[in-house]
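Each remark here refers to the structure printed beneath this line.
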Amino acid sequence: GGVRMTGAEGLVWKWIGAGTSPVDWCEGNYTVTPHIAEFVNTITNIVFLVVPAASTKLWLSYARHVSRGIHIIWFFYVVIGLSSAYFHATLSLLGQLLDELSILWVLMVSYTLFTPVMYRPKFLRSNQRLYAACMVALSVLITASAFVQPAINAYALFIVGLPAVAMLVVEMRVMKDTSVVRLSKITLAALILAATCWVCDRFLCAMWQALDLTVLHGLWHVLIFITAYSMQVLFCYLHAVQDVPESRPELRYWPRRTWALPYVFCPAPTHQKTP
């Protein structure tokens with residue numbers, strides 16, 4: 001009995017034990033407090049918690065007239081923030097998988113709900129339920145594979161995100177609304193900066209340690225949040241314009257008209273008066 005308990009404890013520790021993840025970022029471990037492994041990488045996740053909570057009211061008209069699924073997206077953003085904070089605070093394998101899988105699922109939910117119909121496979125364009133079922137099946141398959149080789153999960157996530165980037169680039173070429181084009185350019189610039197920070201932190205760590213500049217992954221968190229949030233705004237807008245035009249979507253900003261937090265506002269549809 002005792003041996004069995006030890007084995008069970010060992011199995012649990014393999015998942016939740018501090019430092020059990022094969023991934024360790026460039027930031028020094030436990031340098032600020034003995035309770036948090038990567039301090040900057042942990043606290044920078046606050047953007048995933050604060051902004052979705054603050055923007056929920058801004059999206060009420062979109063939820064009412066286009067898709068209530070937008071609330072699911074903001075819920076997943078909070079899950080990403082909490083999972084990533086847990087991972088960087090402990091560097092546990094469980095934390096890593098929660099972090100990566102929450103990102104995977106928010107991507108797949110967003111593809112399912114907000115990909116304009118014209119970008120879906122032809123045989124799935126007229127059947128939303130079948131399209132959703134295919135996306136769930138694909139998500140489950142990728143989730144299962146994440147447990148096989150956890151060290152390569154991050155690269156798989158980049159691949160999963162590529163279709164969104166490709167669709168945005170295609171749409172930019174035909175967009176006529178200058179404010180939407182501008183947000184698209186900002187989004188792509190943030191993505192390039194974020195990816196640069198991620199790659200530099202991952203592969204040039206010795207150089208950054210020598211320069212005492214090991215906060216690039218924390219900067220990645222902020223930049224990838226800006227990218228992800230802005231891209232979500234753009235795809236919500238495109239979905240509404242192309243597939244729910246009666247919602248009359250408008251790209252707006254809060255608290256200023258031309259900058260700060262972008263969102264999609266949908267005024268109540270105009271109803272024709274009956275004679």
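Sequential numbering from 1, following the chain as shown.
Just so you know, glycine gets a Cβ as well, placed from its N, Cα and C.
Automatic prediction, not curation, is the source of TrEMBL annotations.
Some features that TrEMBL has for this protein:
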- Asp24, Trp25, Glu27, Asn29, Glu38: Ca(2+) binding site (BINDING)
- His88, His217, His221: Zn(2+) binding site (BINDING)
- 39-60: transmembrane segment (TRANSMEM)
- 72-89: transmembrane segment (TRANSMEM)
- 101-118: transmembrane segment (TRANSMEM)
- 130-148: transmembrane segment (TRANSMEM)
- 154-174: transmembrane segment (TRANSMEM)
- 186-211: transmembrane segment (TRANSMEM)
- 217-238: transmembrane segment (TRANSMEM)
Those binding-site residues listed as Asp24, Glu27, Glu38, and which of them has the most Cβ atoms within 10 Å of its own Cβ: Glu38
Count of other CB atoms lying within 10 Å of the CB belonging to His217 (Zn(2+) binding site): 22
Contact ranking winner - 101-118, 130-148, 154-174, 186-211 against the transmembrane segment (217-238), Cβ under 8 Å: 186-211
Contact set, same chain, for the transmembrane segment (154-174): CB under 8 Å, 6 or more residues outside the stretch: 23, 100, 103-104, 107-108, 110-111, 115-116, 119, 142, 145-146, 181, 184-185, 187-188, 191, 195, 231, 234-235, 238
For the Ca(2+) site built from Asp24, Trp25, Glu27, Asn29, Glu38, further residues of that chain with CB within 8 A of the site's CB center: Cys26, Gly28, Ala37, Asn41, His88, Leu91, Thr214, His217
Residues from the same chain, set at least six apart from the ends of the transmembrane segment (39-60), whose C-beta lies under 8 A from its own: 25, 27, 31-33, 70-71, 74-75, 77-78, 80-82, 84-85, 88-89, 214-215, 217-219, 221-222, 225, 229, 252, 254, 261, 263-265
Contacting positions for the transmembrane segment (130-148) when only residues 6+ beyond its ends and CB under 8 Å are counted: 97, 100-101, 104-105, 108, 111-112, 120-121, 124, 156, 160
